[in-house]
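First the structure, in the form of C-alpha cells, and then the observations on it.
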C-alpha cells in the first residue's frame, strides 16, 4: 500500500460521507423551509438531539454524523482492492456500536446496557480477531513489558475508555472527526517509520 492508494481511499470516504450528509442535513430551524427530507424523517423516528439541562443548543438537531461516517467507511471498504485485515469483524463491531449509539440517541439507553455491549464488542474482537495488547514494548528500558493474561483486561478497558472518551467530546461540529484523524494519522506515521508500510493505510481508514 502506498500513499496514493491511502489518499484515494480517504477521498472516497470524504466524498461519500459528504453526499450522505447532503441528503441527511441538519434540521432546518424555524422560519426556513419545512419540507426538507431530513426534517421529516428525523422528527418521524425521533432521532434528534433535544435541548435539556446539559445541552444548551436551540431547536432539534438530527443525529446522523456517526451513521454517515459509518456509511462512508462501508462504501470505501467495498471498493478498495487491497486486503484489509479483519475487515468483516471491524465493520460488524462498528455497525453494532453505531446501532447502539442511534438507539441511545432515540431511547436514552441506560449506562449499564451500553457498557455491557461495549465490553461484549471488546471480547468479540479479542476472541475472533486475536486483537489484544500482549505487550507494551520497551517503555521502561531495555526489557519488554509482556502483559500475559492481564493484556486481555487492559485491552477491554482501553476499548471501553476509547469509545466513551470519543463519545464525550462529540459536542462541536468536526471536533470528533478532527481528533480521530490526528490520532490515527499519528499512529499510521509511527507504523510507517517502523517499516510496517502495509498497515498505516488501514490505521487511517
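Just so you know, glycine gets a Cβ as well, placed from its N, Cα and C.
From a predicted model like this one, the values you see are computed outputs, not experimental measurements.
Here is what TrEMBL records for this protein:
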- 167: Mg(2+) binding site (BINDING)
- 6-24: transmembrane segment (TRANSMEM)
- 60-80: transmembrane segment (TRANSMEM)
- 86-103: transmembrane segment (TRANSMEM)
- 115-133: transmembrane segment (TRANSMEM)
- 145-163: transmembrane segment (TRANSMEM)
- 175-193: transmembrane segment (TRANSMEM)
Query raised in the report: Who are the chain neighbours of the transmembrane segment (86-103) in space, where the CB to CB distance is under 8 Å and they lie at least 6 residues beyond its ends?
Result: 47, 63, 66-67, 70, 73-74, 77, 109, 114, 117-118, 121, 124-125, 128-129, 131, 163, 167
Query raised in the report: Same chain, outside the transmembrane segment (145-163) by at least 6, Cβ under 8 Å from its Cβ: which residues?
Result: 97, 115, 118-119, 121-123, 125-126, 131-139
Query - DSSP-derived structure type at residue 167 (Mg(2+) binding site), helix or strand or else coil - result: helix
